[in-house]
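The feature transmembrane segment is assigned by TrEMBL to A:6-29, A:117-140, A:152-174, A:210-228, A:249-268, A:310-329. Taken from TrEMBL, the feature domain 'ABC transmembrane type-1' applies to A:115-330.
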Amino acid sequence: MKFKTFAAFIGPSVFMMLLFIAFPLVSVFQQSFYITQPIYDLVDVETCTPGFVTQTCVTETQSVPRLDEEGAIITKTDFVGLQSYRNVLELGRAWDALSSGSWAAFQSIDFWKALRFTLSFTLITLPLVICAGLGIAVMINSAAKSVRGPVIFVSLLPFIITPVIGALSINWLFRGDGILTAALEWYLQRDIAMFAQAWTIEILMMFYRVWHVAPFAAIVFYAGLQTVNQDSLESAIIDGASRWQRLKYIIIPHLMPLIVFISMIHLMDSYRVFEEIVGFSSQGHVISLQWLTYDFLVPDQAGNRSISRASASAMLTMIGIALLLVPLLRRTWRDHQGGH
Amino acid sequence: MKLKTLLAAGAVAMSSTAAFAGCAIENTVPLKSLSAGFEAWKAVTDAMAECGNFQASLDQEFREKQPEAFAANPALYQIGGVANATMIPLLNAGSIRPLDDLVAKYGQNLTPNQLIKVDGKVMAIAMMVNAQHLMYRSDILADLGIAEPATWDEVLAAAEKIKAAGVVEYPLGGTFKTGWNLGEEFVNMYLGEGGTFIGEGNMPAINNAQGVAALETMKAMTAYMDPEYLVSDSTYVQQQFQQGKIAMANLWASRAAAMDDEAESQVVGKVAMAAAPNGSAAPASSLWWDGFVFAANMSDQEAEAAFQVAMEGIDGEMVSANNDAAVWLLNGYTPGKLAAGAAATAANGASPYPASGPMGIMHTVLGNGLADYLTGAKDAETTLADIEAAYMTAAKEAGLVK
């Protein structure tokens with residue numbers, strides 16, 4: 001292809017990537033090193049608020065932001081280096097907790113608490129998604145031609161449901177005396193509160209994520225199954241290979257590039273776990289890194305928000321994903337080199 | 001044929017909104033408002049719409065939109081609905097106007113305690129108050145021979161008796177959902193112990209005996225509550241009440257009407273409203289008001305029209321039609337049985353919610369940090385110290401603490 005044609009094809013996409021991904025990323029990166037604050041004056045203010053019959057008036061010293069002549073709040077922006085990263089990581093506290101051997105104290109620091117959950121969520125759901133996906137794909141593949149369409153449709157359904165809605169419905173099935181909790185209570189003959197402690201919520205979240213994502217893996221694997229060399233399979237059958245041996249020695253090696261692909265997508269997606277936290281309103285017990293960023297960003301009632309810490313936390317999340325992807329990327333790179 | 005019917009129906013609908021029913025003035029200036037979306041605001045803005053040329057946005061995310069929308073010039077909304085805390089960002093940005101001249105000109109119907117004054121100037125017009133106060137199942141307490149609890153100690157003693165009698169699933173309900181709700185519970189308890197949140201130079205001041213006492217009461221409450229308390233918000237507690245699962249809760253006055261809603265509630269007429277129980281110093285509750293603010297960035301003519309329309313929205317006619325929708329501060333309001341709890345709470349000397357910039361941060365860090373104590377991950381002092389540390393980090397970033 002001529003370079004000009006190539007450029008014309010790729011140009012718009014590169015432009016969009018720069019505009020909507022690269023520039024915001026650079027901006028977030030930059031903001032994580034700066035802090036923007038209003039300039040406050042201390043002023044004695046008398047405030048009166050209503051009671052039922054009389055008013056309550058109090059005079060107190062308040063911090064009131066200084067305004068310029070146009071009525072806008074004057075702000076100043078300072079370079080603070082890695083201060084925001086230090087504020088998010090709280091390394092000093094983390095080190096004290098670890099050196100005193102207290103895992104509980106370590107886990108009471110937001111970032112490390114979020115990292116612990118995010119990592120375990122990602123790494124536990126990964127093999128489950130791949131196994132479930134492969135299982136569904138093999139099931140679809142061995143289903144009779146006449147029912148294959150409906151089977152594909154039904155197994156894709158969980159993937160179509162909007163994540164927050166899906167999480168909420170599972171929440172409602174188990175919350176309080178939700179029907180599934182009630183069923184469990186009836187079966188086990190004991191009182192169960194699924195949302196009263198962290199580990200049950202975590203199990204529900206992981207279950208939900210696997211249920212939600214496995215169909216995507218399944219459909220990719222199903223496509224891969226169509227390209228398995230039928231001759232090798234037939235010779236394997238003649239040689240007396242069992243179903244399991246065929247899966248292990250022929251199908252899985254054939255699907256390996258797809259498994260790596262699904263793993264990468266899944267690592268990237270689940271490291272940014274967020275919908276589950278919101279859907280299960282689990283903030284009291286479990287938080288994730290993405291939720292932490294969001295929480296820094298949401299203004300409180302008085303309008304304060306922590307943009308710098310949010311930026312730092314977003315950058316840390318990105319670094320985390322990059323680190324997780326390294327082994328898989330190295331593998332793909334080696335295969336790629338070998339292929340030439 | 002169908003199109004014609006539709007057009008005709010549309011025309012009828014248009015003409016009915018243009019009829020200015022129940023509005024003394026005819027408004028010619030296009031006006032818009034942005035407020036929260038609960039029942040009281042719906043009633044008020046409907047009454048305002050009767051004056052014509054008025055469009056209301058009732059939006060639960062109003063607090064994220066208001067600061068930007070009011071800072072625009074001209075402002076995107078002329079009228080805003082705020083509460084104690086949500087007025088702060090508008091006040092800080094100088095995007096709402098003083099109302100003294102308008103009150104003098106058009107505010108004959110206002111009572112003095114509706115005027116929210118900051119630094120001597122009227123900055124907002126309150127229309128209703130809201131507070132968390134005790135609601136309890138009068139039938140259950142009467143059956144067990146328990147008097148109406150007036151302090152938290154009595155509430156806990158009553159909860160113990162109800163638990164022993166086993167008449168409901170959980171004796172107590174609480175809006176303990178992590179985040180704003182849980183923060184508000186602590187604010188109430190801590191005010192009940194007579195504490196102050198912010199000290200000299202915006203430094204945090206909660207790590208003290210009063211803070212520990214507030215935490216201990218909260219922890220004692222959880223023993224009688226649904227174990228899933230960290231996910232239960234006001235609506236959830238309201239439903240637990242309606243379904244007869246709980247016997248007592250410190251719940252918002254604005255939820256009182258739902259207890260007697262025959263369509264939803266199985267306990268109609270059985271829920272009594274009482275003052276918020278006292279801590280060791282004051283009622284464990286904070287008073288909130290809701291009311292109007294008016295944009296600074298609009299013409300004086302618009303401001304006059306906006307103020308008049310707002311006054312029409314909170315006139316006696318609206319109040320008598322929606323008497324039980326809120327605890328109104330307006331002329332013509334007859335406090336019913338449902339308002340008794342909020343009124344008694346205020347009469348007992350509950351403090352207003354101490355809204356300010358630093359308090360916004362304090363509320364957030366409280367809401368995020370308290371769960372660790374309730375789940376037993378930390379003791380009370382550590383929890384409060386950690387919350388103060390989180391406050392310092394955020395306040396430094398916001399520039400409130402040097």
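Each Cβ is built from the backbone N, Cα and C atoms, and glycine gets one as well.
TrEMBL does not curate its annotations; it predicts them automatically.
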By Cβ distance under 8 Å, which residues at least 6 away from the ends of the transmembrane segment (A:249-268) in the same chain are close to it? 122, 125-126, 129-130, 133-134, 213, 216-217, 220-221, 224-225, 227-229, 232-233, 236, 241, 321, 324-325, 328-329, 331-332, 335
Among A:6-29, A:117-140, A:152-174, A:310-329, which stretch has the most Cβ pairs under 8 Å to the transmembrane segment (A:210-228)? A:117-140
Do any residues of this chain, six or more beyond the ends of the transmembrane segment (A:117-140), have a C-beta under 8 angstroms from a C-beta of it, and if so which? 148, 151-152, 155, 202, 205-206, 209-210, 213-222, 224-225, 247, 252, 255, 259, 262-263, 266-267, 270-271, 273, 286-290, 320, 324
